[in-house]
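Structure record follows, encoded as structure tokens.
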Amino acid sequence: MAKFCLLSLSLLLLLNLSFAQYRQGQCQIQRINALQPQYRFQAEGGVTEFWDFNNDQFRCAGVAVFQHRIRPRSLLLPSYTNSPLLVYIVKGRGIYGITISGCPETFESSQQSQQHSQEERGQTFRDRHQKIGNFREGDVIAIPAGAAHWTYNNGNQELVAVVLQDTSNIANQLDQNPRRFFLAGNPQRGQEQQYQYGQHGQQQFGEFSNVFKGFAVQILAEAFRVDQETARKLQGENDQRGHIVNIEQGLQVISPPYSEEEQQQYGRGNGLEETICTARVRQNLDNPSRADIYNPRAGRYTTANSLTLPVLGFFQLSAARGVLYRNAIMSPHWYMNCHSIVYATRGEARIQIVDHRGKAVFDDRIQQGQVVVVPHNFAVVKQAGDQGFEWVAFNTNDKAMINTLSGRTSALRGLPVDVITNAYQISRQAAEQLKFSRQETLIYSGGKSYGQGRKKLPKRKPLEKTTGLRDHAQIRSDWICRLSAHTKWITPARNPNFEEEAAKEKSTGSARSSTAQSQWIHDAGMRDHAQIIGSSVCRSVA
């Protein structure tokens with residue numbers, strides 16, 4: 001008996017060692033690429049696009065990524081997965097349901113709403129089901145492993161949702177292949193008709209189907225107490241619609257208005273009443289007023305983690321939403337405790353990722369619809385292009401931590417000046433400048449290093465050719481205004497209240513309040529004194 005236990009223990013240690021070596025081998029990345037979807041599955045009501053989860057980047061992070069495009073009045077059929085999902089709504093709106101066995105059916109229709117449909121049968125029926133939620137653009141939604149869920153597009157435009165599946169999550173007791181188990185329809189039918197990318201993808205993604213299909217019809221009829229014809233409908237043998245189906249008459253379900261649900265979502269709790277049945281699973285990341293970091297000259301950064309969305313603590317996942325204005329920079333940084341999967345939602349940016357050897361494993365532009373994986377501890381920097389850059393990042397830790405290389409909270413800021421002086425072999429003055437050069441924390445307004453060189457300044461008009469209606473000071477003010485407008489020194493901050501404030505000032509003819517003026521000066525921390533004065537002169541002249 002003792003020998004048997006010893007042998008079992010030895011085998012267990014050997015298997016764990018082999019698995020650890022396998023996992024380490026997955027992250028021996030020599031080159032990172034910006035990836036696009038590789039596999040496409042067409043259905044009646046939309047399409048699902050998959051990134052190749054066998055790519056080294058996704059294997060290293062232990063995730064899979066795919067994207068749903070659902071047409072108006074179309075339903076993504078109910079299904080469940082072998083690992084948790086984190087969904088970000090790129091475009092559109094709709095409703096969703098997450099069904100967890102044992103949770104109460106708290107949504108119930110009134111008798112009047114069902115009276116018309118039931119009067120022919122002469123009976124009363126009240127529909128009951130588990131809670132349904134609304135979502136809109138910018139929402140992030142957490143879906144547990146093994147929980148049946150569905151989505152319906154009740155808007156007027158295409159619904160686009162990008163999904164991260166954490167295949168390495170502890171909730172997944174199978175292998176690291178993403179698996180989806182459908183509860184209706186015939187998902188393979190649409191895939192077989194529209195498959196375009198070769199046999200490799202078909203073998204990997206052609207495994208999902210309707211789970212009822214494998215049961216005997218007689219057993220299904222007994223289990224549900226229905227006739228065999230209805231049992232065959234459960235299997236969907238003759239269903240040609242695929243995994244996303246059209247509902248021409250619209251979906252009739254019980255759902256609260258979005259505004260009422262929004263109040264419930266952000267209501268205060270005492271930390272004790274939230275269970276898996278009542279857990280809040282949705283948070284919006286697009287609202288500028290909820291940004292964690294905001295720079296009116298550069299952009300904003302918003303996070304959803306287990307502190308703001310507690311259910312993420314069960315999944316060990318989090319998300320972040322970033323917006324960079326034209327040529328703005330996100331400070332060089334690294335993730336201390338997670339991988340980060342970056343999906344570009346709008347615009348483009350130059351991204352550099354550096355490994356422990358000091359080698360840039362990625363130095364390229366990422367565009368809308370592309371995905372880049374930033375491995376754990378790899379240093380990364382982002383600079384937006386001329387059209388700005390927006391992205392969502394899925395992180396493999398519910399409390400993702402960033403350590404910056406520049407800025408007020410950076411690693412260099414925490415070092416003594418003498419350490420910096422000797423480490424970089426620079427003077428003490430240069431070390432002080434390096435340490436205190438940036439007062440911002442994470443997002444900076446950038447120059448022209450992203451694109452081509454600076455534009456040439458306009459030629460200054462000779463003073464003698466200007467009209468005599470202005471004195472010398474007015475001419476200088478006009479020159480400052482033209483120069484500032486050209487170099488974007490006084491371009492209004494991109495915030496949702498700016499246009500409203502400007503219209504108010506124009507109608508009243510009054511100058512900015514002292515509070516607003518001080519805010520402008522505070523926001524202009526990267527401009528020198530002369531530039532601030534020039535901006536003030538321009539506003540007074542206007």
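Residue numbering: from 1, along the chain as shown.
Keep in mind that glycine also has a Cβ here, set from the backbone N, Cα and C atoms.
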Worksheet item: Quick one: which of 444-468, 494-518 does TrEMBL have down as region 'Disordered'?
Response: 494-518
Worksheet item: Going by DSSP, how much of the domain 'Cupin type-1' (283-432) is helix, how much is strand and how much is coil, in residues?
Response: 20 helix, 72 strand, 58 coil
Item to complete: Tell me, roughly as an integer, the mean pLDDT over the domain 'Cupin type-1' (32-232).
Response: 85
